[in-house]
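A.B. asks: First the structure, then my questions, so here it is.
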Amino acid sequence: MGLMTWLDFVSFLLLFILFVYVIATNVITQLHKVYLFFHFSMMIWPLGQVAVHMTDNPQLQQICINISFVGLSMLCFGWLLFTKYLTNHKLMLSPRDFLLLLVPSVIVVAGIIWNPNEGFMSAVQGRYEYRQYGLIFWLMAVMLIAYFLYSMKLLARAYQTDVPPSDRAQIGNALTGIGVFVCFTLLDLLINVVLARWLPVVPGLTSLGIVIADIYFVFSIQKHGMFDLVNIAQQDVADTLSVGVIVMDEQNVVIEKNSVVDSMFELTVGVRLDMVKLLQSVEDSGNFDTFLEMYRLHPGERIHTEIRVAEAGRMVYLSMHVAPVVVNQQIVGRVITVQDLTELTRLVEESNRQNEALQTRSRALLMMQDELYQANLKLELMAITDSLTGCYNRRYLMQHLEHEVVMNRRDQIPFALFLFDIDLFKTVNDTYGHLVGDEVIKNTSDVVRNMLRPEDMFARYGGEEFTIYLPRTTKEEAEELAHRIRSAVEHNEIETGKGHALVSVTISMGVLAVDPQPSSCLEDGESYVHEMFVKVDKALYEAKENGRNQLAVVQ
């Protein structure tokens, strides 16, 4: 084999070794698949060139050359595809876009294989080691240049945009590698095709360019972890987070950020983050000065603030946390996380509004309950009291006494019972009218009530008759109180409203004092109360028969 054959064979062998190396040392991803197609296309060129020089059969030589140029045509398509995935890891090509990229290469491949009227190439002296090229070849050259120019445009545009430093390095290496390949290919075209009549043939330039470019690509892959599944996954995971993440170096230069940050702030990777300028763009910050002071003077501290940003006519609430990145006790950077609390804040505010409404309703309910309680108290009081005098009514008096006398007899507690009525009350009604009569009843009850203890029970027995129950009262104490009450009523004067005339009344009273004995026992309180009222009623009538305005004591 000649020098050209050996050069092409060694190129193919090196490319094959690199091909196996990439497969063996990396986990296959979509980006891998695209690169391996590109790499395989590079291998076809030197393989075809080797095969041309290993046979003397012109037909086999033509087939091998066609294989080489088919590989070269597909190499450009593979490179463009690889460029698109390199500049956008999340690219999902539609079938239509894929076909649009592939069609130019397919057309050229068809022309190479068909070779109508030797429009692609023709043999020199019946052999294809040396050959002449036709129009289809130059169309292929134009297509290759167009592919590479378009791919370099994509790389250059991606390099100038806001991308992480690691991606920027990969794109820069890709630009360098493809530049090497294009230079060697154009040099081969210039020396061995355009200037072939005047210059000696320089073998293997395209193959050498392919090998050098591929070695550079593989070196870049290993150095920057272009196919590192962990790095790719980390970026994908970061972009799927609902929290914005910003990574800065020790000079506060942004070196990484996820896609969430772009919806919150205008930040550029590779540019120093100005926190003051960033916060000046917000609507409000609760602890602006304190946060900035901690941010500037205490880079090793974890700090936090909550800010509000006006966005599209609505208020966005953000929570910002800043934490140091420490390696070997040295601060090498910072990580800022920004969480959108708008929905949470809205829910909290809505919850607060609902709580306030609930508290308002609760207060109203409590007020209603209190009003109902007070109304019930009034109803209960109305049920047991006399509306005119405010004294207890007869029904409640009887219920209370039935219980009290049983307890008093059991515990041997002395008690007394008064029954009195207003003397000649009918005369007052006939003389002054019923309204004055009612006033006399009310005023008389007030006088008596003021002379009683809190534990004493004062009740209107009926009409102008009243009853007083005196617990823990001896006979002597009862008689003394009865005289004082009678005297107080006698000396009480009541306005009639008619010419400022005053009226006074007297009362007659029956007094019953009970001093239970140790052997006494009572089971039927109702009968005993009835018996007491029979006795005290007789005493009342005795007082009336003795001339009124006096009292009679049951013996």
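Placement of Cβ uses the backbone N, Cα and C atoms for every residue, glycine included.
According to TrEMBL, the feature transmembrane segment maps to 6-24, 36-54, 60-86, 98-115, 135-152, 173-195, 201-219. Residues annotated as domain 'GGDEF' in TrEMBL: 413-555.
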A.B. asks: Considering pairs 6 or more residues apart, do the transmembrane segment (135-152) and the transmembrane segment (60-86) have at least three CB pairs under 8 Å?
C.D. replies: yes
A.B. asks: On average, what pLDDT score does this prediction assign to the domain 'GGDEF' (413-555)?
C.D. replies: 91
A.B. asks: Which residues of the chain, 6 or more past the ends of the transmembrane segment (173-195), have a CB below 8 A from one of its CBs?
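C.D. replies: Distal contacts: 79, 83, 86, 133, 141, 144, 148, 151-152, 155-156, 159, 201-202, 205-206, 208-210, 212-214, 216-217, 219-220, 224.
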A.B. asks: Please indicate, using numbers and ranges, the residues of the same chain that are 6 or more beyond the transmembrane segment (98-115) and have a C-beta under 8 Å from a C-beta there.
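C.D. replies: Long-range Cβ neighbours of the transmembrane segment (98-115): 62, 66, 69-70, 73-74, 76-77, 80-81, 121, 136, 139-140, 143, 146-147.
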